[in-house]
């Protein structure tokens, strides 16, 4: 027998190398085969409910890292709730209607307008479902636990029916109306857009300063006076029907030197405008308040059939332009709102494809709207005073990445103004993480206009509206309920397969259709109405879920998206929010803080990460970042996270190895019988349990990450485990000293494995497979630990905190001795502590082997007054380091005066000799194979 065989060197097959890319799919297959999601739900039956509602990602393409951040975050929350006494099902969903799918088919050469609509819609449906399958596999590869066999998809007939019921309820309350207000119009999509479908980019535009000649000055302005206006959208001059001034603003009539014309501009902008127009000097003829100019009539710059009225508007400012805004009610929200007050014509001169219409005039007809600036300049002639290129923020279609325009076309709207205050009241009842989300959503709802819900596309849920012969829109409860039932049985495809009369209730009549003829709406609903109805189609429809949901968790862009649309529909129908709490997260940027894009080549694919590092590394990254703000990720950052993971894994591997001979049923030592330092570690660990428990409840994953990393690296690796080896390796296998430490090891190992399961499920499942005495087959079926508190806990923590300060001081003294070549390793040291009475009292109170804790072979405690001049001194304490006396024990590696060669061929100290002689009699009898001496 070899001497080292008398040591209790921890043994385990648990590998240091994780090999996550290969092992994770094996664990996922095992979970699926064991039906773990179902079993966890069964375990939680009857417990308090926690229901997170999954905001549906769009079913198109593989997932990106933003999806991963979102789904992993949700999984962490649901897993932690499931293991903490809550019935917490997780039903994933997908958004499956909308333009992107039509665009994919168009790129494949499929022409919607040249084929049967029902056939086209079925192609859209099949493509969407194929993308659901693709993304489902991607999410499962991340280890997300969910009801994958029963997700919700917005194209499902049941969901479509419930969506129609939401629409019908809003219509019944009078919240649905038709209007011709200007809406965001995407010529590239040939459809109206909602605010949530808009993104802004900085672009360069040609702005024009031009003048309208006064036709009827109402006794205030002469007819040789010109009112100067400014536009950044020259094409809209074709539809200009008014000039808006600020009622309380001051306007001057000026006559430039050498000109026979006089011009009206805002007083506050005159100096800057004079420079732009080349007016070296001018004469001020008069001053007027904007309100004085109301109802003055001007000529259109070139259209002799059009007069433009001077009107008043509060939206006019002195920030730019001339203080006078040309007003085209068909091309702007402010223009429309102020124009309708004065009954201005709502002229629209651009068609759905962005081409100028016939009513724009023969010079413009058929031209693309963004290319007509030279024609406008030519038509203005000498009325043009200046032109310049400006850089400004402009709205774009978020899908096609093309600029959009405001365009007044007949659309269906959901009123928000009718119940806006009710929505705002509900926001104030909602909990927000982070708290600033409340103000953000509140302001968005407060300031938003009514919601345009119609779209001029094909792939979506039809607006269930019929028209009588006299044009009356029909959307009564009887009709919408009937359509909902048809959709539930057949899907919304039936809308396109049947005539209007076959979609109406049998025997339906209407006074507006004396001949019994009806037509149906051909527009579809905004896809935000789809997902915005999910509270009804999912949470209110499934028996194992509840409405309102406990939590909605999405990116911060959803304040204007899903959070917004869901809130509007829910309050409209039921008077309350669809959620009790909202958690929003920032965007995922690359390592430099830049937006990810294919063109930059900086996209991080979750699938690539899973192949290179493993999903648990991506999950640990999610826990490591502050998602209240934008977060960064790169392969380098993930490499750093992987290194942290390695430290955690190897620390837990040490605990596994050194509890391999520990049976918790027979070997556990009661807390009261633990050593002082073991009690301290038990208290510290339970504080960690409390911290993690609280952080899970607050959805603060980063706090968990920081606490775990600190505990593993500082409390365990750098302290407890550093000296624990000298006990668990060296003391007799069944000794009290060793079993005490193993008790703490095992307690930490089991509980931290449970605590980390929501974040690192693959790794903790692998650890759990080595814990043979734990009854649950999978750690996911276990319950979270509950933090304990102990007698005199605060006093114990205070004493050990003081010791940690002493330990740091001692390490500095040892380091100086090492640098002075007095010692090599700290075990070569004889450390003398010159202590004040206060420090002596502390060391006595610790009731511990201080030499063991400081990892020195010999320790002496002396009076502070006896400290030599060359001692390493601190307040109330000093240290002297000398080389320890004696020989190195071959077994304990400590220097001990009692170390000598024994009769059984072992060069060991008395303490090791006693352990050998009591526990290895055969080796003593036969002698050890070899000795270094």
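Using N, Cα and C of the backbone, Cβ positions are placed for all residues, glycine too.
Here the structure is a predicted model, which means the values were calculated and not measured.
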Listed range which Swiss-Prot flags as motif ''KMSKS' region', given the options 595-599, 600-604, 605-609, 610-614: 595-599
Per Swiss-Prot, the range holding motif ''HIGH' region', considering 35-45, 46-56, 57-67: 57-67
Distance, residue 598 (ATP binding site) to residue 554 (L-isoleucyl-5'-AMP binding site) (CA atoms, angstrom): 23
Residue 554 (L-isoleucyl-5'-AMP binding site): secondary structure state under DSSP, collapsed to three categories: strand
Long-range environment of the motif ''KMSKS' region' (595-599) - Cβ separation under 8 angstroms, sequence gap at least 6: 64-65, 587-589
Binding-site residues (554, 598), the one with most neighbouring Cβ atoms at 10 Å: 554
Averaged pLDDT score, the motif ''HIGH' region' (57-67): 94
Helix, strand and coil counts within the motif ''HIGH' region' (57-67) (DSSP): 3 helix, 1 strand, 7 coil
The motif ''KMSKS' region' (595-599): DSSP-derived helix, strand, coil residue counts: 0 helix, 0 strand, 5 coil
